[in-house]
Amino acid sequence: MCTVVDPRIVRRYLLRRQLGQGAYGIVWKAVDRRTGEVVAIKKIFDAFRDKTDAQRTFREITLLQEFGDHPNIISLLDVIRAENDRDIYLVFEFMDTDLNAVIRKGGLLQDVHVRSIFYQLLRATRFLHSGHVVHRDQKPSNVLLDANCTVKLCDFGLARSLGDLPEGPEDQAVTEYVATRWYRAPEVLLSSHRYTLGVDMWSLGCILGEMLRGRPLFPGTSTLHQLELILETIPPPSEEDLLALGSGCRASVLHQLGSRPRQTLDALLPPDTSPEALDLLRRLLVFAPDKRLSATQALQHPYVQRFHCPSDEWAREADVRPRAHEGVQLSVPEYRSRVYQMILECGGSSGTSREKGPEGVSPSQAHLHKPRADPQLPSRTPVQGPRPRPQSSPGHDPAEHESPRAAKNVPRQNSAPLLQTALLGNGERPPGAKEAPPLTLSLVKPSGRGAAPSLTSQAAAQVANQALIRGDWNRGGGVRVASVQQVPPRLPPEARPGRRMFSTSALQGAQGGARALLGGYSQAYGTVCHSALGHLPLLEGHHV
C-alpha cells in the first residue's frame with residue numbers, strides 16, 4: 001500500500017522504473033510529461049511519523065533550498081504534498097549512479113577520476129561549511145555521479161546548522177544520530193560533548209581512502225571495533241587531544257590504545273598510491289578535529305592542484321540561519337505545517353525554489369560569494385554539454401533524450417567542464433599545454449589485456465552496465481510545485497515487458513551473460529539447424 005503513487009504524480013510524471021526502496025521511502029526514475037526532463041522522484045513514507053522523522057524531512061528540504069544552486073550539490077526541483085497528508089514527494093535531478101556502486105564494481109576509477117571526484121566533493125563541502133552547516137552523513141552512496149564524472153552530494157536529512165548553537169564549545173552538544181559507522185569521526189564514536197565541521201573532513205578522508213583502496217578503510221563491525229581499527233592505524237592522540245574530548249571519553253581511548261599492534265595508513269593502500277594522496281589522507285584522518293585540514297585548506301593541497309581554481313570554489317559570507325532553531329525541537333504538526341507553508345510559498349512565486357527577499361533576492365543568494373553566476377573554466381576552455389545518449393543503447397527512450405528545459409538552464413550545465421583540462425593553481429593552463437580531452441568515467445569494467453572480448457563477455461558487460469547506469473539525465477533548477485489542475489496531453493502507451501525481461505541482472509551469475517542479455521534461452525538456443533549442417537566442410541571419402 002505504501003508504494004501506491006498519487007494520481008497527481010502520475011498525471012505530471014511518467015514513471016519509468018523503480019531505482020530503490022527502503023524502510024523509509026522509494027525512488028523512481030521518471031520523465032516530466034510537460035518538459036521531457038528525466039528526474040528522480042523520492043517518496044518518503046510517513047514523513048511526519050514522529051518528531052525525529054519530521055525534523056529530518058524539514059531539514060533536508062530547507063537546506064537543499066539554501067545550497068541546491070551549487071553545481072556539486074543535488075538540485076531539489078519539486079516538493080509535492082501527498083494526498084494522504086502523511087507522505088511527501090521530493091523531485092530531484094537525475095544522476096546515473098553513485099560512488100558506492102562504482103567502487104564496488106572495481107577497476108573503473110583511474111587516478112585522474114579519483115582526484116577530480118575528491119576535488120568536487122571538497123568544493124561542495126567548502127560551500128556547506130562556509131554557511132556553518134555540517135552534513136554529518138558523507139559516504140560513497142551519498143555521492144552521485146554521471147558518465148562525465150560530475151559529482152553531486154545528496155541526502156541532507158542529517159545535516160544541521162551550527163550557526164544557532166552557543167559559541168561556547170561546552171554548549172555545542174552532540175545529538176545522537178544514525179550515520180554509517182565506517183565513516184564516523186572518533187569524537188562521534190566516543191560520544192563527545194561537542195562536534196565541529198571536522199566531522200565531515202574525517203568522512204571525506206574515509207571516502208578518499210576507499211577510492212584509493214577499493215574497499216572501506218575501517219570496516220568496523222561494531223562501535224568498539226570501529227574505534228579499535230582507527231586507533232591502531234592513525235597516530236595516537238596526545239594528552240591534550242584526549243582532554244579536549246572530555247573526561248568520560250579519555251579513559252575509554254586510553255583503554256583502547258593499550259598495547260595493540262599498530263599499522264600505518266600506507267600499509268592499507270596499494271603500493272602505487274601517490275605520495276600526494278597519502279599526505280592528504282594523513283592530514284584528514286587526524287584524531288583531533290581542530291587539527292584536520294579544513295575544506296578550504298584541502299582544496300589547496302597538491303593532490304587536487306590540477307583542478308584548483310579559487311574563482312570556482314563558492315563560499316557564503318554569512319551563516320545559514322534555519323527556519324527553526326536547531327536547539328528547539330518542534331512538534332510534529334508544527335514541522336508539517338512549516339513544510340506545507342514552504343510548498344505554498346514556492347507555488348506563489350512562479351515555481352522558484354526560494355523565498356524572495358525584499359529586493360527579489362533569495363536567501364540562498366543574499367550572502368553568496370561567487371564571482372560569476374556559474375563556475376566554469378577560463379574562456380579558453382570549451383564548454384560542453386552533457387553527452388547525448390546513443391540511440392542504440394539499451395532502454396533508450398526518446399522522451400528522455402531531449403529536454404526543452406535543458407536549453408533554458410545553462411548555469412546548471414557547468415560542472416562537467418571543470419574536469420576537462422589540467423590547470424595550474426591559479427586556474428590557468430600551463431604554458432604550451434594542449435587542451436585535454438573531456439574527462440569521462442567509463443561505467444563498464446574493461447576486459448583482459450589486448451584480447452578481443454567474447455560475445456559472452458560483451459553480453460555480461462552490457463547487462464552489468466544496465467544495472468550500474470540509471471540512464472540519461474538533464475539538469476534543471478528551482479523548486480516547482482506541481483499544479484493539479486493542468487492535464488497534459490497523453491503520451492502513446494508504452495510496450496509492456498514480459499516477465500522474462502525482469503531481474504536479468506540479478507540472475508546473470510547463475511545463467512550466464514548471453515542468457516542474461518536475452519532474458520532467457522529459447523528452445524532453439526544451443527542447437528544447430530539443418531541448413532547450417534549443409535555448410536559444414538566434409539572430409540575426403542565421406543561425400544554423400
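Cβ atoms here come from the backbone N, Cα and C positions, even for glycine.
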Swiss-Prot annotation, phosphotyrosine - which of TYR24, TYR177, TYR183: TYR177
Which of the listed positions, ARG336, ARG449, ARG470, does Swiss-Prot note as omega-N-methylarginine? ARG449
For the ATP site (LEU19, GLY20, GLN21, GLY22, ALA23, TYR24, GLY25, ILE26, VAL27, LYS42), what does the 8 A shell look like? I mean other same-chain residues with CB within 8 A of the CB centroid. LYS43
Compare all C-alpha positions of LEU19, GLY20, GLN21, GLY22, ALA23, TYR24, GLY25, ILE26, VAL27, LYS42, the record's ATP binders, and send over the largest distance in angstrom. 14
Fewest other CB within 10 angstroms, which one of the binding-site residues LEU19, ALA23, VAL27? ALA23
Check ASP137 (active site, proton acceptor) against DSSP and tell me helix, strand or coil, would you? coil
Using DSSP and three states only, what is ALA23 (ATP binding site)? coil
